[in-house]
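One structure is given below, encoded as structure tokens.
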Amino acid sequence: MPGRKFADGEVVMGRWPGSVLYYEVQVTSYDDVAHLYTVKYKDGTELALKESDIRSQSSFKHRKSQSSSSSPSRRSSSRSRSRSRSPGRPARGRRRSASQSREHKDDKKKTIQETSLALPVLVLFKPSENNTKRYNGEPESTEKNDTSCIILEQKLKPDLEIKRVLEQYSLRSRKDDKKKEEIYSEKKTFMAVKPIEKVPSKTKELEFGGRIGTFMLMFLLPATVFYLLLMCKQDDPSLLNFPSLPALESLWEGRVFGVFLLWFLLQAVFYLLPIGKVVEGLPLSTGRKLQYRINGFYAFLLTAAAIGVLLYFQFELHYLYDHFLQFAVSAAAFSLALSIYLYVRSLKAPEEELAPGGNSGYFIYDFFTGHELNPRIGSFDLKYFCELRPGLIGWVVINLAMLLAEMKIHNLSVPSLSMILVNSFQLLYVVDALWNEEAILTTMDITHDGFGFMLAFGDLVWVPFVYSLQAFYLVGHPTNITWPVAAAITVLNCVGYYIFRSANSQKNNFRRNPADPKLANLKFIPTATGKGLLVTGWWGFVRHPNYLGDIIMALAWSLPCGFNHILPYFYVIYFICLLVHREARDEHHCKQKYGLAWERYCQRVPYRIFPYIY
Ligand code: NDP
């Protein structure tokens, strides 16, 4: 295979994917395996391009002398010719005669133009089969050009122009528009553009404080869990009342570890049951799509039935409460062993199966963030399984155990109102996550983060043992609340849930089918990847309305614990920090993915999570 033609740091002209436009870009790296260059556009967008889509700047300067002006009329003529092209074109192209082909090449040369309207330099030329076929698996569809041109126009013209584009893409305004037909065809065009896939390269920007940060987090996270649990066990869980450390041997019990293993295996068996539909995930960097079985909700129902049977046979579920710390230690030991296994197996994984976020080459960093994106044993997807089943369903079971423990310890015939609220709110949250299991396939956890210590510990230890802190707290620290207070907290939880659910559904529905008539009143900004960014509805209110709803719910989960201690508020405080950090990570990824369009979105929707505050 020939070696690379362009060096790192070299400034060249890179074709904007799916279009006939060339921009000035800088080569940042080269993937020897996939033979793709990672290039950076001036607006910050990073894309992987084939060598055939990159040209030296000098070749453009040479053509400049041949070029004529880039008048708008020329441009529109180029576009109208493009529009007649259909996705079936490549086959026709292959049938072309040699003379036609020669003619075509000459034609292409003639129409090469260069403009100097603004930076980045824009070059238009008539597309040819050769050019359009160079894109990884994308159909030869010059309609894609239209999208790129729209983006380009946005870049070149001031904000008024964006307003025009937004109006153009408003489905509502189209209804009465005379040009309905034309615009609809343009929308189809927009939807037809395939996302640009990027072959994973080395992770250059380290998150979580890099190597030192991830090293420290590996100790800090388990320490925090044990500190919180020990605090909760104390009669006075004030922050300054530091708990005394238990004897090491009291933390481990083989039987508890056995119960934990049984739980994990039971969930694995439920996951493997051939019930529930099988769906495809988002395309991987290779273009391949993995299949996932959606049966989390069934697993939950089966678990509920199993727990019912246990209770019927007088199994003391508060065993969980009595050995809570030992269960946490077992889960932590298991997640550490799992992380070691995951890292070792990732060393043999092919380059294209490594996680975009966990391929730095630094052991600690990759071990923590996860080196392999989708580790699977056969069709058993370890990350997908751990994300929603043993930990999340385990959280509900722990809450129930706390409720029973409260009744037993305090000799109650019914659980306290506070305990009922905490159990119900969190049950709703878990059931919602399992009911909408498919939505997890588009989250950062699945598409970007590898499976390593961070997610293994997070899913198996942090979620079940920290998120159940309020219920654990209430067992040792009974809190009485009145019915009006309970009603007010319930309303707060419902408001949070409504925002959280409708925002997530709005985006998920839009991603699945942008033409859905139910979304006809929403406006969006088109982007060069083919996906739009909603600018009205919940996603026009703040940039992460789903986080806002989630935080409101988190507050409603803590309030039933009263105001005697800050400990039950740990969750809401931690959750705000987590989501602010997550929002920043997502923002960074979106900026890379969408470049200028994302900046436009941020201008239009200035607040990230809290309206008028942040
Ligand atoms: P989000 O659901 O917030 O999705 C972010 C993605 O949405 C972006 O990367 C982008 O992806 C897309 N997007 C962003 N803006 C727009 C827009 N204007 N229009 C259309 N699409 C847009 O991701 P998370 O995974 O962070 O969160 C999912 C849910 O999980 C949230 O409700 C969150 O609160 C919850 N969560 C809960 C946690 C917990 O511990 N309880 C932890 C983390 C999250 P693209 O364009 O590629 O589609």
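Using N, Cα and C of the backbone, Cβ positions are placed for all residues, glycine too.
What TrEMBL says about this one:
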DOMAIN    4-62  domain 'Tudor'
REGION    53-112  region 'Disordered'
COMPBIAS  66-75  compositional bias 'Low complexity'
COMPBIAS  76-97  compositional bias 'Basic residues'
COMPBIAS  101-112  compositional bias 'Basic and acidic residues'
TRANSMEM  208-230  transmembrane segment
TRANSMEM  250-273  transmembrane segment
TRANSMEM  294-313  transmembrane segment
TRANSMEM  325-344  transmembrane segment
TRANSMEM  455-475  transmembrane segment
TRANSMEM  481-500  transmembrane segment
TRANSMEM  521-542  transmembrane segment
TRANSMEM  562-581  transmembrane segment
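Contacts between the transmembrane segment (208-230) and the transmembrane segment (481-500): absent, as fewer than 3 C-beta pairs lie under 8 angstroms at sequence separation of six or more. At the 8 Å Cβ threshold, with sequence separation of at least 6, the transmembrane segment (455-475) comes into contact with the transmembrane segment (562-581) through 3 or more pairs. Confidence for the domain 'Tudor' (4-62), expressed as mean pLDDT, is 74. Residues of the same chain lying 6 or more positions beyond the ends of the transmembrane segment (294-313) and with a Cβ under 8 Å from any Cβ of it are 266-267, 270-271, 273, 275-279, 388-389, 393, 396-397, 400, 430-431, 433-435, 437-438.
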